[in-house]
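The next block holds one structure in the form of structure tokens; read it before the comments.
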Amino acid sequence: MSLRQRLAQLAGRLQEPQKVARFQRLCGVEALPSRSADPREDEKAEAPLAGDPRLRGRQAGASGGPQPPGSDRNQCPAKPDGGGAPNGVRNGLAAELGPAPPRRAGALRRNSLTGEEGELACVNNWPLYYLFCFGTELGNELFYITFFPFWIWNLDPLVGRRLVVIWVLVMYLGQCTKDIIRWPRPASPPVVKLEVFYNSEYSMPSTHAMSGTAIPISIVLLTYGRWQYPLLYGLILIACWCSLVCLSRIYMGMHSILDIIAGFLYAILILAVFYPFVDLIDNFNQTHKYAPLIIIGLHLALGIFSFTLDTWSTSRGDTAEILGSGAGIACGAHVTCNVGLILDPSLDMLPLARLPITVTLFGKAILRILIGIVFVLIVRNTMKKITIPLACKIFSIPCDDIRKARQHMEVELPYRYITYGMVGFSITFLVPHIFFFIGIS
């Protein structure tokens with residue numbers, strides 16, 4: 001057997017959903033009695049799944065090329081006796097489950113856009129459940145909308161801006177790669193889908209693993225030498241952050257082991273190629289005369305391109321959200337620098353001294369994050385209420401059902417891009433001005 005054949009066989013094994021199901025059982029997650037959790041069934045299913053990994057997760061007897069991730073051909077069919085349920089659908093009603101199991105059921109994680117809900121499951125190890133829930137949140141919107149502002153407002157604006165540049169590059173390339181490869185999520189059963197928020201997206205590579213790898217590595221690269229701390233602390237941060245996010249995606253049933261490994265290696269590759277240019281990009285965003293026009297045009301063109309790669313899924317909106325946030329933060333930083341809000345821009349480029357943490361400093365940091373996040377959320381909700389009806393009116397799309405309306409590119413792209421563009425602009429321009437006027441900058 002040649003090396004290429006061995007690698008292909010290894011990749012096929014790493015993509016098997018049975019390995020995901022085994023990891024879940026090892027961590028105390030089991031399917032409810034309505035569908036079989038017998039490990040022997042997993043062994044029987046391994047043989048036909050050892051072939052082309054693209055066929056896994058498809059309905060038996062399906063033919064043709066890859067299908068959109070939300071279609072029936074990417075869902076696992078219900079069992080003939082009615083005991084099973086399609087992938088990502090609640091596994092029966094309570095009345096159909098018979099006697100209540102002795103163990104508690106895991107909480108549902110619902111997709112607010114599609115209405116899809118996670119499967120009810122028996123969770124035996126609750127500390128692990130909450131730990132991995134935290135790990136998976138490190139790649140979700142709630143984390144990003146607090147993490148990046150915290151860096152920009154309280155820690156180091158330069159590092160915060162450059163983290164955003166890296167994050168946009170990594171996430172955009174990851175989302176586009178998913179729509180080019182088009183591999184489905186791990187099949188359920190045997191996998192228990194504890195989270196389905198991104199279930200309508202493709203699986204390869206894991207963008208959670210990509211961001212969970214790129215962000216901590218970038219933090220260390222950007223701060224080591226600029227801040228004063230032992231390198232060992234940075235390496236520990238990278239190992240803990242990356243492993244927590246990566247393992248959480250397998251635990252939630254959203255990715256195979258191969259997806260995680262590919263996401264990790266892909267993020268390393270992107271950092272190796274683009275990190276040397278991050279300083280140049282950030283300086284261009286702040287100082288070039290026509291930077292705002294170039295930033296907005298480039299990010300918008302990238303968003304339109306990503307919408308043409310495949311049919312609608314939640315990844316379309318996520319991509320536009322990422323690009324809009326990046327454009328807004330870059331434009332806000334440009335305006336802030338040019339209006340002179342940064343009193344001494346040269347200080348932004350010098351190594352930071354070790355500052356003593358006082359009650360006043362800590363209190364101002366807490367006040368800034370509270371006031372800033374409240375203002376950002378107000379901006380987001382206001383822009384959402386304006387952009388969706390306006391886009392529906394301009395493109396003559398019925399807006400009675402917001403979910404269906406947002407499945408049109410003409411609505412989702414401007415809504416996400418404009419809304420989160422304003423959020424990003426607020427983070428680097430409007431909110432710092434508020435801090436300056438009330439004396440907590």
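Note that Cβ sites are derived from N, Cα and C of the backbone, with glycine treated the same way.
Taken from TrEMBL, the feature region 'Disordered' applies to 30-104.
Residues annotated as compositional bias 'Basic and acidic residues' in TrEMBL: 37-46.
The compositional bias 'Low complexity' feature in TrEMBL is assigned to 92-104.
For 128-152 (among others), the entry in TrEMBL reads transmembrane segment.
In the predicted model, the domain 'Phosphatidic acid phosphatase type 2/haloperoxidase' (161-275) has a mean pLDDT of 89. According to TrEMBL, the feature domain 'Phosphatidic acid phosphatase type 2/haloperoxidase' maps to 161-275.
Residues or ranges marked as transmembrane segment in TrEMBL: 164-181 (among others). Among residues of the same chain six or more beyond the transmembrane segment (164-181), those with a C-beta under 8 A of the stretch's C-beta atoms are 144, 148, 201-205, 207, 210-211, 214-215, 218, 263, 266-267, 270-271, 274-275, 278, 281-282, 285, 302, 305-306, 309-310, 315, 318-319, 322-323, 325-326, 329-330, 424.
The transmembrane segment feature in TrEMBL is assigned to 231-250 (among others).
What TrEMBL lists as transmembrane segment is 257-278 (among others).
If you look up TrEMBL, you'll see 290-310 (among others) marked as transmembrane segment. Same-chain residues lying 6 or more positions outside the transmembrane segment (290-310) and placing a CB less than 8 Å from one of its CB atoms are 68, 172, 175-176, 179-180, 182, 202, 284, 316, 319-320, 323-324, 326-327, 330-331, 334-335, 409, 413, 417, 421.
Away from its own ends, the transmembrane segment (355-379) comes close to residues 145-146, 149-150, 153-154, 422-423, 426-427, 430-431, 434-435, 438, 440 of its chain (Cβ-Cβ under 8 Å, at least six residues beyond either end). Residues annotated as transmembrane segment in TrEMBL: 355-379 (among others).
Feature annotation from TrEMBL assigns transmembrane segment to 417-440 (among others).
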What residues elsewhere in the chain lie close to the transmembrane segment (257-278), defined as a C-beta under 8 angstroms and at least 6 residues from its ends?
11, 14-15, 19-20, 53, 162, 165-166, 169-170, 173-174, 177, 183, 203-211, 213-214, 217-218, 221, 242, 246, 249-250
Secondary structure content of the domain 'Phosphatidic acid phosphatase type 2/haloperoxidase' (161-275), with strand meaning DSSP E or B:
78 helix, 2 strand, 35 coil
